[in-house]
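A.B. asks: This is the structure, below, for whatever I ask next.
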Amino acid sequence: MAELAQFAKMNGLGNAIIVADMRGRADRVRPEAAQRLASDPATHFDQIMAIHDPRLEGTENYIEIINSDGSVAQACGNGMRCVVQRLAAETGRPSFTFETIAGVLSAEEHANGLISVDMGKPRFGWQDIPLAEEFHDTRKIELQVGPIDKPVLHSPSVASMGNPHAIFWVEDDPYSYDLERFGPMLENHPIFPERANITIARVDSPEELTMRTWERGAGLTLACGSAACAAAVSAARTGRTGRGVKVNLPGGSLEILWRDDDHVIMTGPAEWEFSGRFDPATGAWERETEGAA
């Protein structure tokens, strides 16, 4: 067995996260190790946030994001808050800058324990999301579920927060839709060459949304931070809301602000559950401590 790596089992509004400390190591978390951890009820996760040594000058760490199916993800807002909470507890510092596959992100822990992450700038071009077909206006694209004359879901807004998102707007309860059925089909629709995160969202007021998400590579989730950001900017872009909204998710609420400089700021909590050690090659693990940090 290889030398074990430290990890913290955490959650961001119920979005199950493993923060893996891979600093000082040359190896990576292998897909089969991720799948093994995800299949264990004690360590089941939506994303692994693997903290590596910095590769880019001016950043503290490189963060690799791994889905529960072993695939690599470009963004995970809830996971970034968990990383910040752990590193802030370790270093006593409130602010950090990270490199991810999607670019550089900055984050800060506030005195009240909430954590803000600058998720960067959204992208709306069809090639940037990406889509398999050209759409000049991605505020609403041609895509539907159900009969042509009476679709169940249709005309989503699409956007990228470093990862692709489709947001279906509804006027009734987002929980009344069978997302467990529609989610996999839409995630893997040919229009999305890199697959997509699928969200059903309702506008409650000009300052509030309610939504739920089928997460690419992870499935139904209690919270998806990048999806909340994508829904918030899409709501503002289509005139449904202002640029600052409260987003209600199954696991709780996030505050999303689309600033005038085009950066999207996500604010919410992170919670530690227990710590342990694991083998990044196989996923074998052992528990060390548990309880609230």
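In case you wondered, yes, glycine gets a Cβ from its N, Cα and C as well.
Remember, predicted model here, so these are calculated numbers, not experimental data.
Residues or ranges marked as substrate binding site in Swiss-Prot (evidence: sequence analysis): Asn15, Gln47, Asn67, Gly77, Asn78, Asn163, Asn197, Glu215, Arg216, Gly225, Ser226. What Swiss-Prot lists as active site, proton donor is Cys76. Residues or ranges marked as active site, proton acceptor in Swiss-Prot (evidence: sequence analysis): Cys224.
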A.B. asks: Cβ within 8 Å of the substrate site's Cβ centroid: which residues qualify beyond Asn15, Gln47, Asn67, Gly77, Asn78, Asn163, Asn197, Glu215, Arg216, Gly225, Ser226?
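C.D. replies: After dropping the recorded site residues, what remains is Asp46, Ala73, Ala75, Cys76, Gly79, Thr213, Ala218, Thr221, Cys224, Ala227.
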A.B. asks: What's the longest C-alpha separation between any two of Asn15, Gln47, Asn67, Gly77, Asn78, Asn163, Asn197, Glu215, Arg216, Gly225, Ser226, the listed substrate-binding residues, in angstrom?
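C.D. replies: The widest Cα-Cα gap among those binding residues is 17 Å.
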A.B. asks: When you measure from the Cβ of Arg216 (substrate binding site), how many other Cβ atoms are you left with inside 10 Å?
C.D. replies: 26
A.B. asks: How many Å separate the Cα atoms of the residue listed as 'active site, proton acceptor' and Asn78 (substrate binding site)?
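C.D. replies: The residue listed as 'active site, proton acceptor' and Asn78 (substrate binding site) have their Cα atoms 7 Å apart.
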A.B. asks: Out of Asn78, Asn197, which of the binding-site residues has the smallest number of neighbouring Cβ atoms within 10 Å?
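C.D. replies: Looking at the binding-site residues Asn78, Asn197, the Cβ with the fewest others within 10 Å is that of Asn197.
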A.B. asks: Determine, to the nearest whole angstrom, how far the Cα atom of Asn67 (substrate binding site) is from the Cα atom of the residue listed as 'active site, proton donor'.
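C.D. replies: Spelling it out, the Cα of Asn67 (substrate binding site) and the Cα of the residue listed as 'active site, proton donor' are 10 Å apart.
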A.B. asks: Rank the binding-site residues Asn15, Asn67 by the number of other Cβ atoms within 10 Å of each Cβ, and give the residue at the low end.
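C.D. replies: Taking Asn15, Asn67 as the binding-site residues, the minimal 10 Å Cβ count falls on Asn67.
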A.B. asks: DSSP secondary structure for Asn15 (substrate binding site), reduced to helix/strand/coil, please.
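C.D. replies: Where Asn15 (substrate binding site) sits, the three-state DSSP reduction gives strand.
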A.B. asks: What is the one among the active-site residues Cys76, Cys224 whose Cβ has the most other Cβ atoms less than or equal to 10 Å away?
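C.D. replies: Answer returned by the neighbour count: Cys224.
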